[in-house]
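J.: First, the structure itself, so that you have it in front of you.
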Amino acid sequence: MDIGLIENILFAMVRTGTPLLLVALGAMMSERSGVLNLGQEGMILVGAACGFIAAYAGGSLGLGVLAAVAAGIFVSLIFAFIALTLISNQVATGLALTIFGTGLSAFLGAAYVGQTVTGFAPIAIPFLSDIPLIGQALFAQDLLVYLSFILFAAVFVVMRYTRLGLIIRAVGENPEVAHALGYKVMVVRYCAVMFGGAMAGLAGAYLSLAYTPMWSEGIAAGRGWIALALVVFASWRTERILFGAWLFGFASILHLLLQGYGYEISPNLLAMLPYVITIIVLVMMMYRQKNQGLFAPRSLGQPYHPLK
Amino acid sequence: MSEKKAMRLELLSLTKAYPGCIANDAVSLQVAPGEIHALLGENGAGKSTLMKMIYGVVKPDSGQMTWNDREVNITGPAHARQLGMGMVFQHFSLFETLTVTENIALYLTPAEYGTLDLLRARILAVGDEYGLAINPDRLVHSLSVGEQQRVEIIRCLLQDIQLLILDEPTAVLTPPEVAQLIEVLKKLAHKGCSILFISHKLHEVNALCDKATILRGGKVTGTCIPRETSPGEMARLMLGDELELQDTMPAGNAGECLLALDKIEVKPRDAFAIHLQDIELQLHAGEILGLAGVAGNGQDELVDLINGELGSDSGSLIFHGKDIGNTSVQERRNMGLGVVPADRIGRGALGNMSLTENNLLTSYINQTGKFGWLNWPAIKARAAEIISTYKVKATGAEASAKSLSGGNLQKFIIGREILQNPNVLVCFHPTWGVDVGAANLIHQELIKLRDKGAAILVISEDLDELYLLADRLGALCGGRLSPLAPKSAVPLAQLGQWMTGNFGTLSTGISTDTAAAEVAHAH
């Protein structure tokens, strides 16, 4: 393999990993606050559909991204209202949200199937993009990929170094105590869920406006579920989420590559590769740290009844 | 009597009703600056609700509250804290996966502590000033219960505090820790901080408090000056007239050895488990063996070992002369080895299941009828029998376990085990958080079971309970067992020493320094 091929692989790895990274960061934030939202897939789809429609009709990619984020937040608010305010079962509500989102996006996008827009184009950053090996992958991407880097850094800093991160962790660990200390559990959880919705919407926009700038039904293709699994295997740690997302991206490219090289393996089996590799690697990482606890937020998925 | 004196806190006719019960019915109370005021009452008397109303966690339905002679309407805990109140909860309000410093930071506003490094220094300084040593960088779940309480107290002391509320602070402490806590509280009161002290333990209230208010069934039944009132009189105000409290229990009559642990060693399975070493004990028919010890010194591992959840790495476990080291939990239950675990919900009972179903969970008496079919009428009748025999207050056999108060659920669980006539019964914290009346009933039932020839192992942190029940006493510290001796040969001071790992002259060559260090968690 020559350098150019490796550069291409790394470039594609980051591109493929980006939507997973975005969704997983949002899901992690929401789970850290104690809310398990299984509706990620639905939120991505609605975000992708609304983003595409807005960009197509409005003629502006920026408008599309805003619409996708707004749609993601809106759908996550439906979840938050049912699961947090009405205290329903979070798992069932999340599953329902995915089904709802799948249907809604298909309905909204029905007239746009097969249409295309001019998607986000890569912007090479001078000098940095000339760095051998990683230059192309990190500094010759489109705006949304750069945005994902910024969001990753922001989430990392917030969770590790700020009081806000401490409060989110506290609410997810023990909401009753957090309430007794005077923190607004509901506000924190609503905000965390909405952040998750915004991130899923953004991931949707990335899919329909940058990755494959077109609308097709079910464009999320299970990425919401992979992202949810990623959060668990990454033990709710921001840096591992980045690693896992890019690993998945790498394995996705690898299977295309292997097919390209003409290996006599069924493409269906090869298509499993990213899932299998990502899960095996992350499980191995989890196994190594089993003696230190898995860092699952303690109140994850449990309903919280505010005292009156 | 003190119309003109300024009052730190005054409650006037506070009322709070929940569906089905009035938790507080027109409760009035006055606390002067620098006064240590006790709030006495059984579980369910409404003490905790009252505390939560003062601290703003729940809102009263009606009534008035004045703070430093000004009427206030507390909107929430943050507001209460701003006024200068601090509270140490009964079930500690700490986040276990965060460090001591992070926990305290969450309690304060950033303006109050600046940076985490500054806060860390202040924690150490306040710890020095009051003799509350703590390592600010440790994760809370790795601290002993006493240390966790220290964290709670320190974080109250870091603010400008005028009223400290403590909900049963001594329930989980060793005698030296209790003495230390009392010193801290006296120091605080001396500086003008008022203290509201909730307790079951009358002699502590006698020793510490200036005034006491007694609650029963949500109402104030009296106030008194503890130094001038006998414990018996206070108990009568707490319990009403109908209950006779026993100070002593008849002694047991030890017979053959039913359960023997022979040089048992259990290596820790994870980072937080305790290494059990050289555990040797014999449990005889017709006796109660009491084991004291601060939580987290191997009690959980010992109970799990006897119950069959944890295997030993060496040594043997002998039941009726037979090695049962390799038998399952179920097999042990079938042989008549019962265990009452410490946590009622989760281990002792399943919260969402009814009492009828819970009755079935540990039953080693065949209630199932033929071929594995459940005989529901018989199972229900049995649950009803437990409820009536042990005076469990529940809406019926179909009530869910979590709808019961802690004391009532504990009565049900102990009743369930006792009704199966176990040969050996292990009780882990049999009356933790249980009110005086229910504890009394549980104690009497355990004595009755012992007199029928069962061997009972009581593991508890409540030393009064151990001295009341046990025929022989010992203590666990750092995974090792102290010598076991008849109650009369173990004065409180001796037991206290054993609990800190100083196994005295009877010691089998264990270095007391290392064991004591494990307790003290010196940093």
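Each position is counted from 1, following the chain as shown.
Backbone N, Cα and C atoms are what each Cβ position is placed from, and that goes for glycine too.
Per TrEMBL, the features are:
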type	residues	note
TRANSMEM	A:12-30	transmembrane segment
TRANSMEM	A:42-59	transmembrane segment
TRANSMEM	A:65-87	transmembrane segment
TRANSMEM	A:94-113	transmembrane segment
TRANSMEM	A:133-159	transmembrane segment
TRANSMEM	A:187-209	transmembrane segment
TRANSMEM	A:215-234	transmembrane segment
TRANSMEM	A:241-263	transmembrane segment
TRANSMEM	A:269-287	transmembrane segment
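Just tell me what is around each of these and how deep it sits.
T.: Sequence-remote contacts of a segment are chain residues at least 6 beyond its ends whose Cβ falls under 8 Å from one of its Cβ atoms, and for the transmembrane segment (A:12-30) they are 36-37, 40, 44, 137-138, 141, 144-145, 148, 151-152, 155, 159, 168, 192-193, 195-200, 202-203, 206-207, 211, 223-224, 226-228, 230-231, 234, 236, 238, 241-242, 244-250, 252-253.
Long-range contacts of the transmembrane segment (A:42-59) within the same chain, counting only residues at least 6 positions beyond its ends with a Cβ under 8 Å from a Cβ of the stretch, are 19, 23, 65-72, 74-76, 97-102, 104-106, 108-109, 112, 115, 117, 196-197, 200-205, 207-209, 214-215, 218-220, 223-224.
Remote same-chain partners of the transmembrane segment (A:65-87), defined as residues 6 or more beyond its termini with a Cβ less than 8 Å from a stretch Cβ, comprise 35, 37, 39, 42-44, 46-51, 53-55, 93-94, 97, 100-101, 144, 186, 189-190, 193-194, 196-202, 204-205, 208-209, 303-305.
Panel annotation: around the transmembrane segment (A:94-113), residues 36-46, 48-50, 52-53, 56, 75, 78-79, 83, 215-218, 224 of the same chain, lying at least six beyond its termini, place a Cβ under 8 Å from a Cβ of the stretch.
For the transmembrane segment (A:187-209), same-chain residues at least 6 beyond its ends with a Cβ under 8 Å from one of its own Cβ atoms are 18-20, 22-23, 25-27, 29-30, 32-35, 37, 40, 43-52, 55, 61, 64-65, 67-77, 79-80, 84, 117, 119-120, 144-145, 147-148, 151, 167-168, 171, 175, 178, 215, 219-220, 223-224, 227, 304.
Sequence-distant contacts of the transmembrane segment (A:215-234) (same chain, six or more residues past either end, CB-CB distance under 8 Å): 19-20, 23-24, 27-28, 31, 38-45, 48-49, 52-53, 56, 98, 102, 105-106, 109, 112-115, 200, 203-204, 207-208, 240-241, 243-245, 248, 275, 278-279, 282-283, 285-286, 296.
Within the chain carrying the transmembrane segment (A:241-263), a Cβ under 8 angstroms from the stretch's Cβ atoms is held by residues 9, 12-18, 20-21, 24-25, 28, 152, 226-227, 230-231, 233-234, 270-271, 273-278, 281-282, all 6 or more beyond its ends.
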J.: Below 8 angstroms Cβ to Cβ, which residues of this chain, lying six or more residues outside the transmembrane segment (A:133-159), approach it?
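T.: Those are 3, 6-8, 10-11, 13-15, 18, 21-22, 25, 28-29, 32, 65, 119-125, 165, 168-169, 199, 202, 205-206, 209-210, 238-239, 242, in sequence order.
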